[in-house]
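Annotation source TrEMBL lists signal peptide at 1-24. According to TrEMBL, the feature domain 'Plant heme peroxidase family profile' maps to 26-322. What TrEMBL records for Cys38-Cys119, Cys71-Cys76, Cys125-Cys318, Cys204-Cys231 is disulfide bond. Among the features that TrEMBL reports, site 'Transition state stabilizer' is placed at Arg65. What TrEMBL lists as active site, proton acceptor is His69. The Ca(2+) 1 binding site feature in TrEMBL is assigned to Asp70, Val73, Gly75, Asp77, Ser79, Glu92. Summarising the annotation, TrEMBL assigns substrate binding site to Pro167. Look at TrEMBL and you will find Asp244, Thr247, Asp252 tagged as Ca(2+) 2 binding site.
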Amino acid sequence: MGARNAFQIIVFLSCILIFGTMSATSLEVDYYKCKQTCPQAEEIVKGVVYNYVSKEPGLGAGLIRMFFHDCFVRGCDASVLLDPSELNPNPEKLAVPNNPSLRGFEVIDDAKLAVEHVCPGVVSCADIIAFAARDAAYILGSISYEIPSGRLDGRVSNADEVLKALPAPFHNLTVVKALFAAQGLSTNDVVALSGAHSIGRSHCSSFTNRLYPTIDPTMDESFGYFLRGLCPENAPVDGVVTQDFVTPTELDNQYYQNVADRKGLFFSDWSLLTSVETASLLNDFRTTPGLFEAKFAESMVNMGNIAGSGQGEIRRICRAVNY
């Protein structure tokens, strides 16, 4: 038996095992490989993501955030990608949490173009977001995991739904946990996914309420004065600062040390210290090598399982529904 045939049999048998343990409507690891519709899909996306993120690590943070913002509103259905149109002038993309801060749309566009060139009409934009976030986590933090796929792209996108679904920087722990629970996610997921704040940037407007008129007592005072220097009161332009000043381009557990030192940007970061359960998890992630990486991977998969409406399509381009 040739090596190629042997490899194909191994893949076929692994797919049988996957199909045997999941329902017909479940997402599946290696979905496009098992279906033989686009075996190269994940590698194609990985190549595009690497080309972008290796040059601009901030785009990797943007892709992980995009996955979060997509899945929390209508499930993981790529509704966050839709541009305004005559029929839908106010999509999610224009909501305050996404505009102008959400980044990485060009990465998804190019990944979709590359996949369509090889496998037209097969791979959903929703899956491309999931693959891209997974690949960004590996590039920035050497965090490796398999992400199930087989999602459909939604046809509905409404900016008015975003603020109701997404945790905000000023939310307390009770609100954050409730919003996660509404998506079927646990307190462990809250703490693990908050670790994404170890990369990326934030606009000053997301936390200046903690700096003026007085520095929030829940923030380290010297850190507050440092941030005042970067985000002057009543500045004509909304400045941008890094979220982690120690390892700004590494997806690691430094975030948890920052929060323990009261040097997180957001009130929602500090709120992790306000319950015994979350404070204990935060301390474990801060002190146990490898624990954050393992739990972050697990929680990214959990978030990727947030179901869409079940009604959808495979978009030809990610910015518009099919007509």
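From the backbone N, Cα and C atoms, a Cβ is placed for every residue, glycine too.
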Any further residue of that chain within 8 Å (Cβ to the Cβ centroid of Asp70, Val73, Gly75, Asp77, Ser79, Glu92) of the recorded Ca(2+) 1 site: His69, Cys71, Phe72, Arg74, Cys76, Ala78, Val80, Gly154, Ser157, Gly308
From Cys71, Cys125, Asp252, Cys318: recorded positions whose CA lies within 10 A of Ser79 (Ca(2+) 1 binding site): Cys71, Cys125, Cys318
Residue among the recorded positions Cys38, Val73, Cys125, Cys318 whose Cβ has the most other Cβ atoms within 10 Å: Cys125
Around the Cβ of Thr247 (Ca(2+) 2 binding site), the count of other Cβ atoms that are within 10 Å: 18
Listed in sequence order, residues not in Asp244, Thr247, Asp252 with Cβ within 8 Å of the centre of the Ca(2+) 2 site Cβ atoms: Ser198, Ile199, Val246, Pro248, Thr249, Glu250, Leu251, Asn253, Gln254, Tyr255
For the domain 'Plant heme peroxidase family profile' (26-322), mean pLDDT (0 to 100): 98
Assigned conformation of Glu92 (Ca(2+) 1 binding site) - DSSP reduced to three states: helix
Which of Cys71, Cys76, Cys119, Cys204, Cys231, all disulfide-bonded residues, has a Cβ with the fewest other Cβ atoms inside 10 Å: Cys119
Conformational class of Cys76 (disulfide bond) under the three-state DSSP mapping: coil
